[in-house]
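A.B. asks: Please read through the structure below; I'll follow up with questions.
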Amino acid sequence: MVDAAVLTKLEEGFAKLQASNSKSLLKKYLTKEVFDNLKNKKTPTFGSTLLDCIQSGLENHDSGVGIYAPDAEAYTVFADLFDPIIEDYHGGFKKTDKHPASDFGDVNSFANLDPNNEFVISTRVRCGRSMQGYPFNPCLTEAQYKEMEEKVSSTLSGLEGELKGKFYPLTGMDKAVQQQLIDDHFLFKEGDRFLQSANACRFWPSGRGIYHNDNKTFLVWCNEEDHLRIISMQKGGDLGEVYKRLVTAVNEIEKRIPFSHDDRLGFLTFCPTNLGTTIRASVHIKVPKLGANLAKLEEIAGKYNLQVRGTRGEHTEAEGGIYDISNKRRMGLTEYQAVKEMYDGIAELIKIEKSM
């Protein structure tokens, strides 16, 4: 049974959310009926409750989504809430749909989006992975955090060639290293209030770390929001090079660390917006003419399932007319298709910007 204090918190939080003018997907789909049906349920292995899933959205009414999975079983136990949110966010991925098998396609098929360096400042492709046999952040013990960091650090130190680099634990990091990582925009900070209220930052900075290669074009975050965030990036618009590096890295890491995968949802992640391919392919792009009319920029981006954010990512402004634009759909399509949506959309935005 779910204990009384948790139920009280749920009832109070639900009442406040209902009364609020929140635009979150949580508010949209957490009807009284769904709420009553789920409030007494727990996941079998870790005993996670509905409160563990929705606490962040109950505390932050300005959330866009407002829900996280405390462990992999939550996606099944609380499916009545997760499924419609997943369908809404991922552009119609229904509960009867099945995410296709992983397919990175022909890694040589993407060209440079901006060979003359007029528009694209930098290109980045990242994916998230969870390690098999471990729950997500809210259920991890400090010992598990440390054990995972150990596995990740020893795996990454075996990488060779372009991916060869160094692992930096956040625990005991010296000031000079810390400053260098901040200057490179590599260091992640303790989670924002959305992650804090989801209980994703416990035992900080235990078990957290950063790996980067010598060229600073390949980066792995260990135990930030997901167990692993694998990132490939570089200046300019050569998506082909960036994508190829990411795929090589993922394949190398997967040989040594088994990832959590679900037949219906694809690769499993803490936040339902990252499920499936988990791929976010993005550019920092300067489109001053289009940017002068943000509604138009967003409308064109929307046609290609792209998401427009401010320069420093989610919840930020565009600085100097530079936007962060990425693919939005991560489910119901392959990795290759997800990156291709971004490629085609950005090519179109550049074409329009040139013609204005």
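Using the three backbone atoms N, Cα and C, a Cβ is placed for every residue, glycine included.
Grabbed the feature section from TrEMBL, which reads as follows:
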DOMAIN    6-91  domain 'Phosphagen kinase N-terminal'
DOMAIN    119-356  domain 'Phosphagen kinase C-terminal'
BINDING   122-126, HIS185, ARG229, 280-284, 309-314  ATP binding site
A.B. asks: Over the domain 'Phosphagen kinase N-terminal' (6-91), what is the model's average pLDDT?
C.D. replies: 96
A.B. asks: Are there any residues at least 6 positions away along the chain from VAL125 (ATP binding site) with a Cβ closer than 8 Å to its Cβ? List them or say none.
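C.D. replies: Within the chain, VAL125 (ATP binding site) has Cβ neighbours under 8 Å at ILE231, SER232, MET233, LEU239, VAL242, TYR243, LEU246, ILE279, ARG280, ALA281, SER282, VAL339.
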A.B. asks: Would you say which of the binding-site residues ARG229, ARG309 has the most Cβ atoms within 10 Å of its own Cβ?
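C.D. replies: When each Cβ's neighbours within 10 Å are tallied, ARG229 leads.
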A.B. asks: Only counting partners 6 or more residues apart, tell me which same-chain residues put their Cβ under 8 Å from the Cβ of SER122 (ATP binding site).
C.D. replies: MET233, GLN234, LYS235, GLY236, VAL283, HIS284
A.B. asks: What counts of helix, strand and coil residues does DSSP assign across the domain 'Phosphagen kinase N-terminal' (6-91)?
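C.D. replies: For that range the per-state counts are 51 helix, 2 strand, 33 coil.
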